[in-house]
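Participant: Let me give you the structure first, and then I'll get to my questions.
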Amino acid sequence: MEFRPVLFIVGLFICMTGGLMLFPLLADLIAGHGDWRAFGTAALVCGTCGTGLATACWGKIEGLTTRQSFLTVTMIWLAIAIAGTLPFILGSKDLSVTDAFFESMSGLTTTGSTVVSGLDNAPPGFLLWRSILQWLGGVGVVVMATALMPFLAVGGLQLFRMEASEPSEKILPGTGQIASAITILYVFLTFLCFAAYKFCGMTGFDAINHAMTTIATGGFSTKDASFGYFLTDPSIRYPVDLVATVFMIIGALPFTLYLLLLRGKVGRLTKDSEVKLFLLVIAAGTLIIGLRIAHDFGLEPFQAFRLAIFNVVSLMTGTGYASADYMLWGAFAAGFFFIIPFVGGCSGSTSCGLKVFRVQVAFEALALHVRRLAHPHRATVARFNGRIITDDVFLSVLSFFFIYFAIFATSAVILSTMGLDMITALSAAGTSIANVGPGLGPTVGPASNFASLPDAAKWVMSITMLIGRLELLTVLVMLTPWFWTR
């Protein structure tokens with residue numbers, strides 16, 4: 001395998017990461033905070049290393065093979081996560097290497113788990129850098145899932161190959177136009193979210209940070225109480241949590257459908273079976289949770305359903321914002337909020353989890369098997385959005401399910417050997433593989449953070465976050481001997 005094109009691209013992304021550090025540097029300079037030096041040093045290191053790597057591997061890239069594409073995606077994510085740790089280590093928060101890497105990986109994978117407390121008084125550059133990492137991870141995932149993964153046939157995503165595309169060993173040349181269109185759309189939606197938050201009464205700084213982490217379905221906040229802070233803030237004029245709910249849903253829908261919508265194809269969005277099931281699960285979850293907490297806690301219906309829809313959408317999309325401690329809502333709510341992040345949002349979105357379409361395909365496989373048992377001589381096929389689901393898609397999706405839950409179980413067992421109780425171990429493993437943020441229980445629940453976990457547990461979670469965010473096989477395929485042989 002030729003490594004020069006891979007390292008050249010990785011070098012460019014390291015340079016880009018260093019350039020993005022100039023924004024939090026300016027934020028600290030304007031605020032008069034000394035952490036601007038940390039960002040300046042980190043930007044210089046990233047710029048030097050990235051330029052050196054790109055220059056050393058300079059050359060024309062005709063295209064990337066499948067193996068090079070797998071390697072490039074994983075190395076880009078690792079390189080940005082490592083580069084992202086530098087401001088955390090050098091800044092006044094003085095995070096350890098373990099905590100800095102955990103925070104950086106949690107941000108870039110849009111997980112939203114944090115080891116940091118005292119966010120309300122944290123330096124502005126520190127808060128902005130966390131948001132930028134999530135925003136960058138969000139757009140990276142959308143581009144990867146729509147322009148690259150369908151051709152790599154990861155986890156059944158070959159279902160979403162665009163009709164005009166030619167399946168080929170050469171991946172890169174066909175992705176530029178899609179990536180550019182999605183990036184422009186992503187920036188536009190971020191601006192809309194910022195404007196909506198500002199209109200509701202958020203400060204400009206809070207609005208831009210939460211706009212980036214909302215559209216990325218990331219969940220980092222500038223407040224320890226997350227969105228619960230804004231429910232009691234007297235400066236908030238309108239229900240900002242409902243605005244967040246709308247934009248979390250927008251971030252969790254397929255971005256390719258937005259592009260079709262802009263071309264006048266409204267029917268594709270309204271008829272998409274994945275979108276309809278996603279919205280149906282949100283509606284059903286909101287109804288059930290809303291009725292239960294209205295009954296159990298004597299809340300007014302509007303207040304109960306407002307709390308319910310925000311937290312259901314937040315957990316379903318993998319954002320991880322919290323407007324209340326849902327651990328106090330009883331065992332049913334805790335169990336529900338443990339399960340729905342595994343389902344996640346739609347394919348080609350910023351959200352995490354298994355994705356709704358894989359759940360649909362898995363049920364179609366079960367239904368098809370039952371139909372063939374009942375009528376073994378009848379020709380039967382399964383469809384998704386009008387397309388026939390082929391056997392290779394079924395195999396890919398079912399393999400993805402098996403590997404997904406095998407990694408989840410393995411991570412939970414490993415975490416339980418590190419002194420974590422079973423609830424904490426299970427929820428920490430779940431929140432990592434599903435990239436959702438808060439877990440369950442008093443240790444890692446919505447009212448806590450992950451600072452108290454042992455360092456070894458944070459490393460296990462960081463690796464699991466990366467594997468979950470990159471659709472499992474993108475990382476795991478490189479651990480096989482066949483990947484490295486001709």
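Cβ atoms are placed via backbone N, Cα and C, with glycine included.
Straight from TrEMBL, here's the annotation block:
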- THR110, THR111, GLY218, THR319, ASN435, VAL436: K(+) binding site (BINDING)
- 7-26: transmembrane segment (TRANSMEM)
- 38-58: transmembrane segment (TRANSMEM)
- 70-90: transmembrane segment (TRANSMEM)
- 132-157: transmembrane segment (TRANSMEM)
- 178-197: transmembrane segment (TRANSMEM)
- 242-262: transmembrane segment (TRANSMEM)
- 274-294: transmembrane segment (TRANSMEM)
- 326-348: transmembrane segment (TRANSMEM)
- 393-415: transmembrane segment (TRANSMEM)
- 459-484: transmembrane segment (TRANSMEM)
Participant: Are there any residues at least 6 positions away along the chain from GLY218 (K(+) binding site) with a Cβ closer than 8 Å to its Cβ? List them or say none.
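Facilitator: For GLY218 (K(+) binding site), the qualifying residues are GLY107, THR110, THR111, GLY112, SER131, GLN134, TRP135, GLY137, GLY138, MET212, THR319, GLY320, THR350.
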Participant: For THR110 (K(+) binding site), list the number of other Cβ atoms lying within 10 Å of its Cβ atom.
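Facilitator: I get 33 for this one.
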Participant: With a radius of 8 angstroms around the mean position of the C-beta atoms of THR110, THR111, GLY218, THR319, ASN435, VAL436, what other residues of the same chain does the K(+) site pick up?
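Facilitator: Neighbours found: SER106, THR109, GLY112, GLN134, ALA216, THR217, GLY219, GLY318, GLY320, SER351, CYS352, GLY437.
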Participant: Counting CB pairs under 8 Å, which listed stretch among 242-262, 326-348, 393-415 touches the transmembrane segment (274-294) the most?
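Facilitator: Answer, by Cβ pair count: 326-348.
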Participant: Counting a contact as 3 or more Cβ pairs under 8 Å, with residues at least 6 apart in sequence, do the transmembrane segment (70-90) and the transmembrane segment (178-197) touch?
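Facilitator: In this chain the transmembrane segment (70-90) does not contact the transmembrane segment (178-197) - fewer than 3 Cβ pairs sit under 8 Å.
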Participant: Among THR111, THR319, ASN435, all listed as binding-site residues, which has the most CB atoms within 10 Å of its CB?
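Facilitator: It comes out as THR319.
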Participant: Around the Cβ of VAL436 (K(+) binding site), how many other Cβ atoms lie within 10 Å? Please give the count over every shown protein chain.
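Facilitator: So the number of other Cβ atoms within 10 Å of VAL436 (K(+) binding site) is 33.
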Participant: Give the nonlocal contacts of the transmembrane segment (326-348) in its own chain as ranges (CB under 8 Å, at least six residues past its ends).
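Facilitator: Tertiary neighbours of the transmembrane segment (326-348) are 142, 145-146, 157, 160, 217, 251-257, 274-275, 278, 281, 285, 288-289, 292-293, 296-297, 311-312, 315-318, 354-357, 359, 426-427, 430-431, 434, 436, 440-442, 445-447.
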